[in-house]
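**Student:** Please find one structure pasted underneath; my questions will follow.
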Amino acid sequence: MIESKNQSFFPNRFDCVVVGAGHAGSEAAYISSKGGARTLLITMNLDTIGQMSCNPAIGGIAKGHMVREVDALGGIMGKMIDNTGIQFKMLNTSKGPSVWAPRAQAEKKEYQLKVKHTLEAEKNLSIRQDTVEELIIENDQVIGVRTGRGFEIFTDHVILTTGTFLSSLVHIGTYQNENGRMCEPTVKGLSKSLAKYNLKLGRLKTGTPPRIHKNSVDLSVLTIQEGDSNPSPFSFSTDKITRKQIPCFITYTNAETHKLIHENLNLSPMYSGQIQSTGPRYCPSIEDKVVRFADRERHQVFLEPEGYETSEIYLNGVSTSLPEEVQWKLVRSLKGLENAEIVRPGYAIEYDYVDPTELKPTLETKKIKGLYHAGQINGTTGYEEAAAQGLVAAYSVLHSLRNLTPLLFKRSESYIGVLIDDLVHKGVEDPYRMFTSRAEHRLLLRQDNADQRLMKYGYDLGLVDQKSYDCMKEKYERVNSVREKIYQIPLKPSDKFQNLLDQKGITNYKFGMKLDSFLKRPEIKIKDIEFMIPEVSSWSDLEKSILEMEIKYEGYIKRELETIQWKNKYLDLAIPEDINYEMIAGLKKEAIQKLKSHKPMTLEKASQISGVDPSDVDLILYHIKGKKKQEVEIF
């Protein structure tokens, strides 16, 4: 037990205490304090608030969707990256709009400082440098925390966002050290405190690649990767990205790299047995890539600059815990990196997490009232997943403080809802990462319409100001008004229209057909028909995109909304005891194994099994009803 100290000289009671100041903690502290709660943020190091521990980037497939959702709900991550990004790209634009996703490289140190300054400016937020070693619990209710220096802080709401710092262990070859990040101490007491109250703990592993010095790389022989010429912001409050963009570069592993890894596998903690924990399935180490995908001749490696004012380059795709001397050889086997100098070695890290099925959908623990978990403590990986959970936990605290009914995010309205639902109902077997494939209604959850879906919740809590909310409503009023107009405009002969037809090589059309039908042609974009709807010429690219998507995909969107209705109707549908899952065409092997093992009695129970995706549940439903999807009764 840590000895308590006289602490009458500073405030020791708060509405909410947030433990940890990574991406989950920063978002939680901001939302809690912005919502009027007197909040204390405790971090072991003020200089690492908002630090990017691994890759210097925000967003990506599904992750970018969540950043936009966090922004729509009043969070800060989108604004932070818009202000500190050094390269912006919209990913997957060659595919359907549901999987378009913004991603940006960050000026790593600038991002961290921007988060710190933003939190420091919050009037309801206090920040202290200390650790939390114990929870203070009475009658299954949290009443405070006890810090590493012996101070007691009292509160009815604690949000734990401990990242990789719970009883953590760093591995580089046979080298081990009790760090939460390289050269930063672990926290042991809190794990013991959680176990004391019968919360189920487990161990997970993650890793990071080496960083190299830019001046030691021959960039001239590498493939250059530029950002978008007209970058899309993350935040709905950002009009335009005007910052200077810098390129990334691409190289590849080769036969020499793979031979080197195979020869030294026995020195990898993951393969020597030194690490027993489960690592991220979808972000494997370079050792795992070479072993698991032995038929591949090469693996892509991205060289990502960490900022304008640093020479460090992040080697995306080369996460490793091999010994440092092997890392040097590995890096120097890559084209363009023959003389590369490693300034920070890659490493693996093991850490404690709490089984997220211990949580309610509010992220409050079921066993301890007032205790909330967010981020990697819940078995997730990624800055964006962490930020989303921090926001949800803080929303829940604000609803509790105001005696409001908790807000439960739905799978059908947000990726955040998918994330929380997966965690609390399915749990995790390896570090959880969000993908668009996890969302069964992803056409409704596009990155461009997050404000329409979610901003009302932030507005209701006072986290989104009146001006922003009014701007959002006016935007969609404009879109809806012009959309209705497009349904009524007939195609008429004109010089401009004939030029468009000639340019696109279109011959099969009819004058008199409505403009919406013409816009649904894959080769026609909204910009092509602006001369017929001149009011959109002054719109932002985002508004034009929303209008185009809603018209082009209106049939699919309508079908998706109907699907939600019939799914809700059949959630309680019983699964026959004698069902043969192997006879269901299209069902994944993993899903078959899990379903045979768990033997769920209803579709809802099947949907809550880890490894069973929404598409698998759809197939089971169609099989039970003995019909194809389009034949299943909707109403």
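Using N, Cα and C of the backbone, Cβ positions are placed for all residues, glycine too.
When I checked Swiss-Prot for this same protein, it listed these features:
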- GLY20, ALA21, GLY22, HIS23, ALA24, GLY25: FAD binding site (BINDING)
- 279-293: NAD(+) binding site (BINDING)
**Student:** Out of ARG281, GLU287, LYS289, the binding-site residues in the record, which is closest to GLY20 (FAD binding site) when you go by Cα distance?
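**Tutor:** Its closest listed neighbour, by Cα, is ARG281.
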**Student:** For each of the binding-site residues (GLY20, GLY22, GLY25, GLY279), count the other CB atoms lying within 10 A of its CB, then report the residue with the highest count.
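**Tutor:** That would be GLY20, with the highest Cβ count within 10 Å.
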**Student:** Other than GLY20, ALA21, GLY22, HIS23, ALA24, GLY25 themselves, what residues in this chain have Cβ atoms within 8 Å of the centroid of the FAD site's Cβ atoms?
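**Tutor:** Nearby residues not in the site list: VAL18, SER26, GLU27, ALA28, THR43, GLY50, THR161, GLY163, ALA374, GLY375, ALA386, GLY390.
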**Student:** What are the sequence-distant neighbours of ALA21 (FAD binding site), meaning same chain, six or more residues apart, C-beta distance under 8 angstroms?
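**Tutor:** Result: ALA29, LEU41, ILE42, THR43, THR48, ILE49, GLY50, LEU119, ILE127, THR161.
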**Student:** What is the interatomic distance between the Cα atoms of SER285 (NAD(+) binding site) and GLY25 (FAD binding site), given in whole Å?
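**Tutor:** GLY25 (FAD binding site) has its Cα 27 Å from the Cα of SER285 (NAD(+) binding site).
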**Student:** I'd like the Cβ neighbour count for HIS23 (FAD binding site), meaning other Cβ atoms within 10 Å of its Cβ, all protein chains included.
**Tutor:** 32
**Student:** How many other Cβ atoms are found within 10 Å of the Cβ atom of ALA24 (FAD binding site), counting all protein chains shown?
**Tutor:** 33
**Student:** Tell me the Cα distance separating GLY279 (NAD(+) binding site) from GLY25 (FAD binding site), rounded to the nearest angstrom.
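**Tutor:** A Cα-Cα distance of 23 Å.
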**Student:** Could you find out if DSSP has HIS23 (FAD binding site) as helix, strand or coil?
**Tutor:** helix
**Student:** Can you count the other CB atoms that lie within 10 A of the CB of LYS289 (NAD(+) binding site)?
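**Tutor:** Here the count is 18.
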**Student:** Write out the long-range same-chain contacts of CYS283 (NAD(+) binding site), meaning residues 6 or more apart in sequence whose Cβ is under 8 Å from its Cβ.
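**Tutor:** Set apart from CYS283 (NAD(+) binding site) by at least 6 residues yet with Cβ under 8 Å, we have THR206, SER319, THR381, PRO431, ARG433.
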**Student:** Secondary structure at LYS289 (NAD(+) binding site) (DSSP, helix/strand/coil)?
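**Tutor:** The three-state answer is helix.
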**Student:** C-alpha of PHE293 (NAD(+) binding site) to C-alpha of HIS23 (FAD binding site): distance in Å?
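**Tutor:** Roughly 32 Å, rounded to the nearest whole number.
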**Student:** Compared by Cα position, which of the binding-site residues GLY279, ARG281, GLU287, LYS289 is the closest one to GLY22 (FAD binding site)?
**Tutor:** GLY279
**Student:** Taking 10 A as the limit, how many CB atoms besides its own sit near the CB of PHE293 (NAD(+) binding site)?
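**Tutor:** By my count, 11.
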**Student:** Please report the Cα separation of GLY279 (NAD(+) binding site) and ALA24 (FAD binding site) in Å, rounded to an integer.
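**Tutor:** Computed Cα spacing between GLY279 (NAD(+) binding site) and ALA24 (FAD binding site) is 20 Å.
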**Student:** What residues, ordered by sequence, lie under 8 A Cβ-to-Cβ from ARG281 (NAD(+) binding site) and sit at least six positions away in the same chain?
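**Tutor:** Sequence-distant Cβ neighbours: ASP430, PRO431.
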